[in-house]
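Asks: Have a look at this one before I ask anything.
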């Protein structure tokens, strides 16, 4: 079974994170390790998650010169992560170099995903960094660039999923943050949708954090979400 739920681990300590992880089941979700936890806890923490049979999405959003990003992606592959991402605005050459370095790994290579427009960003945010386009227009532009580079898919908000399916086809993976079960606080993300809605319009993987990690019974919430999208 291809788990569609990716739980974002946003904890301050290893003990807190592992306490949560030990309450959930790798058959029900994958786990995302971001910049804060990876900077604090490093590869040892990732290996602890893998030892518990969880697939890991290493969410470090690489953005640097091509060789530096490629070597970082290779290190992620050597670590055995399931998915790794980079910023599409790093350009075509950066993404192509990262994809090429994964070729020797074959079927064991992690999924390589492009980050398009962060879900916290709106039209004004883009304009302030010199991009005179809507989030939708910029996502489409960057998704095309990712596809041209040979990436496996992109991170995009739920509102862009249907358009990207049309532009990029059914085999291009769409990883969707901004997912909040009904009744949840939207937090710092503005372009949001429920799990059921996102799957129905074609999302492949749903990134969900606090509604699961801060729940009194995270396993029950996880089971409920999985049931809603079954």
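The backbone N, Cα and C atoms fix where each Cβ goes, glycine too.
Residues or ranges marked as substrate binding site in Swiss-Prot: 10, 32, 59-68, 119, 180, 189, 209-210. Per Swiss-Prot, the feature active site, proton donor maps to 61; the stated evidence is sequence analysis.
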Asks: Among the recorded positions 61, 63, which residue has the largest number of other Cβ atoms within 10 Å of its own Cβ?
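Replies: Result of the Cβ crowding comparison: 61.
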Asks: If one looks at the chain holding residue 60 (substrate binding site), which residues at least 6 apart in sequence have a CB under 8 angstroms from its CB?
Replies: 34, 35, 38, 72, 76, 84, 85
Asks: Check the binding-site residues 10, 66, 119, 209 for other C-beta atoms within 10 angstroms of each C-beta and report the one with the most.
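Replies: Max Cβ neighbours within 10 Å, all protein chains included: 119.
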Asks: State the three-class DSSP label for residue 66 (substrate binding site), counting H, G and I as helix, E and B as strand, and everything else as coil.
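Replies: DSSP assigns residue 66 (substrate binding site) to helix.
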Asks: Measuring Cα to Cα, how many angstrom lie between residue 209 (substrate binding site) and the residue listed as 'active site, proton donor'?
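Replies: Roughly 17 Å, rounded to the nearest whole number.
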Asks: Could you measure between residue 119 (substrate binding site) and residue 61 (active site, proton donor) for me? Cα positions, answer in whole angstrom.
Replies: 14
